[in-house]
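Enquirer: Before I ask anything, let me first share the structure, which is written out below as structure tokens.
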Amino acid sequence: MGFEEIITFSNERYDTLGLAVVNKRPTPVKVTKSAGNTVLEGFYESPSTVDYDGIIPGGRGIAFEAKSIAGDRFPLSNLKGHQFEYLLKCHKMGGIAFLLVEFRKQRETFLLPYTALRHYWAAYQQKKGSSIHISDFEIHAYLVPEKRVPVDYLGVVDKLWKASGS
């Protein structure tokens, strides 16, 4: 099972447990040729926002982009400008915004809050950094455990956002 499939499964469990309603956002596709229910040709109409968004108890919005990488560096080029902008908008509106990164080789997943991501993104935009090393994730991000669900990012969300009251 791929990383996004595991997150989707985790989200289904969160929903069943009454902990959150978080859905995978589809990428908008314009179908140009089909046969019955099968798409034969098409193109992406517009860039999608982020991979997942939804709501947690208390009515707070949540939005995040999920990435899986093989090495020990997350290339910032893997995050598109429109995705960063969507996370920024979510953050400004009081929502919970973050990047979820799976390091496959290390078998670790980290949650990088938007407030930390924006500093790396600014350096990237100024050509002062092109990636984030796993050691930076170990300092500025939060290890996501496997507890209630396979990728229990809500445990980190609860700890960070509810504890800080922000």
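Here the Cβ of each residue, glycine as well, is placed from N, Cα and C on the backbone.
Caution: TrEMBL annotation is automatic and unverified by curators.
Features from TrEMBL:
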BINDING   T49, D51, E65, Q83  Mg(2+) binding site
SITE      K67  site 'Transition state stabilizer'
Enquirer: Where does D51 (Mg(2+) binding site) sit by DSSP, helix, strand or coil?
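Expert: D51 (Mg(2+) binding site) sits in coil per DSSP, no helix or strand.
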Enquirer: Taking the Cβ of T49 (Mg(2+) binding site) as reference, which residues of that chain separated by at least 6 in sequence fall under 8 Å from it?
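Expert: Listed in sequence order: R25, A63, H82, Q83, Y86.
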Enquirer: What is the number of other Cβ atoms found within 10 Å of the Cβ of D51 (Mg(2+) binding site)?
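Expert: So the Cβ neighbour count for D51 (Mg(2+) binding site) comes to 21.
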Enquirer: Taking the recorded Mg(2+) site as T49, D51, E65, Q83, identify the other residues of that chain whose CB atom sits within 8 Å of the mean position of the site's CB atoms, giving them in sequence order.
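Expert: Going along the sequence, the neighbours appear as R25, S48, V50, Y52, A63, F64, A66, K80, Y86, L87.
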Enquirer: Using a 10 Å radius around each Cβ and all protein chains in view, which of these recorded positions has the most neighbours: E65, K67, Q83?
Expert: E65
Enquirer: Using DSSP with the three-state reduction, classify Q83 (Mg(2+) binding site) as helix, strand or coil.
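Expert: DSSP call for Q83 (Mg(2+) binding site): helix.
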Enquirer: Any idea what DSSP makes of E65 (Mg(2+) binding site), helix, strand or coil?
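Expert: Note: E65 (Mg(2+) binding site) is in a strand by DSSP.
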